[in-house]
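According to TrEMBL, the features are:
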BINDING   H173, H175, H246, D277  Zn(2+) 1 binding site
BINDING   D177, H178, D277, H337  Zn(2+) 2 binding site
DOMAIN    131-338  domain 'Metallo-beta-lactamase'
REGION    23-54  region 'Disordered'
SIGNAL    1-20  signal peptide
Amino acid sequence: MRIKLLSLLILFIVLTVVMSVPTTSSSSSNREQKGQEEVDEDGSFAKPVKNGKTFANPPSFKNWGGLPGLSDVYRFKFKETDHENVPTDKRLLDVEIPVHSIKASDFHSESDLFATWLGHATVLVNLEGVNFITDPVWAERASFTSLVGPKRYRPPPMKIKDLPDLDFAVVSHDHYDHLDAEAVKKITDLNPQIKWFVPMGMKSWMENAGIGVDGSSSVIELSWGESAEFEKDGKKFQVWCLPAQHWGQRGPFDRNRRLWSGWAVIGAKRRFYYSGDTGNCDSEFKKFGEKLGPFDLAAIPIGAYEPRFFMKSQHINPEEAIGVHQLIRAKNSIGIHWGTYHMGSYEYYLEPRDKLKELMDSREDLKNTSFVTIEMGRIWEAPDDA
């Protein structure tokens, strides 16, 4: 048994290293790069570079330095200090990061926009009567196996069977902490008419999982800058697939075969933005604010950012998250992507929350907006003047 566990651990480490080799858009053709620059200059949303069967971040993403190389992996693993220090005492965690159990009957409000954080990047939202969820993940480990990989240290506040009826879901990319195969299947079984909005390359994965093949549930695949319409009870909503600075991989041989993205949901009165995982592609965030904002609510990641030399291209820190909040013209934002899994980053486990509050308290120019963290399972409601 020990030999088997050791073998699996070695395999996981090898995969981690393989998944950390630099990936840049430098191999794209001159024609593709020139075309991308022209798209950016005319004010449109950026388009991903397509290199045969794989995607890459475009040259206009000036803050994309590629993924860490082998020397960076060595420095990260053996030269840096891990300050995460998540306590093993559940009683202490219950105080520091409370989780409030809820069921579908608890998810209600008089507001026409309300939401709850279900942990990590999973947010349940009701916008003008339509229920949707972002990157639903319930797994004990965000991994290809239940034996190794990022382990959950805070439980979900809601069981999948206790979710309210869902109209649609958005998936940002294929990493295990954002795409939980079992959760996706269970949600579809419970909501046979649900629509899944996914970035390019994800439809075939969903269909291989049995989703969208029987004519009931459906998968809508979009690229950056594309939108689709969703209608419920005579109300029409726009669902936008938006650029994000990240990458994708689920197995040892499918690096960047599937695109990554953020999402916006636009109703008659209310607007919601979810960034997915992203580095600081600030020129795009500004476009989101100008073309689709202001947003009444945004879900923006604030964790998994240290050390910066290793994480900067792919994850924003609290200061950069506030920059996103400002550029997209968010009236209200919720900080996500922290306090749930051991993500392998080295910041103290409460630093994302505490740093966000410290920085927001110092920003006089943002006093008329709100960027907060909420406890898992608590209902956030849009203020009347949002």
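Heads up, the Cβ atoms here are built off N, Cα and C, so glycines get one too.
Bear in mind that TrEMBL entries carry predicted annotations, made automatically and left uncurated.
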Around H178 (Zn(2+) 2 binding site), which residues of its chain at least 6 apart sit with Cβ under 8 Å of its Cβ? A121, D135, V137, V171, S172, G276, D277
Tell me the Cα distance separating H246 (Zn(2+) 1 binding site) from D177 (Zn(2+) 2 binding site), rounded to the nearest angstrom. 14
By a simple count, how many Cβ atoms lie within 10 Å of the Cβ of H173 (Zn(2+) 1 binding site), its own Cβ left out? 27
Sorted by position, what residues of the same chain at least six away from H175 (Zn(2+) 1 binding site) have a C-beta under 8 A from it? A142, G248, Q249, R250, D277
Please report the Cα separation of H337 (Zn(2+) 2 binding site) and H173 (Zn(2+) 1 binding site) in Å, rounded to an integer. 14
Would you list the other residues of this chain near Zn(2+) 1 - those whose C-beta lies within 8 angstroms of the C-beta centroid of H173, H175, H246, D277 - in sequence order? S172, D174, H178, A244, W247, G248, W260, G276, T278, Q314
For the domain 'Metallo-beta-lactamase' (131-338), report the average pLDDT of the model, please. 97
Suppose we draw a 10 Å sphere around the Cβ of H246 (Zn(2+) 1 binding site). How many other Cβ atoms does it contain, all chains included? 27
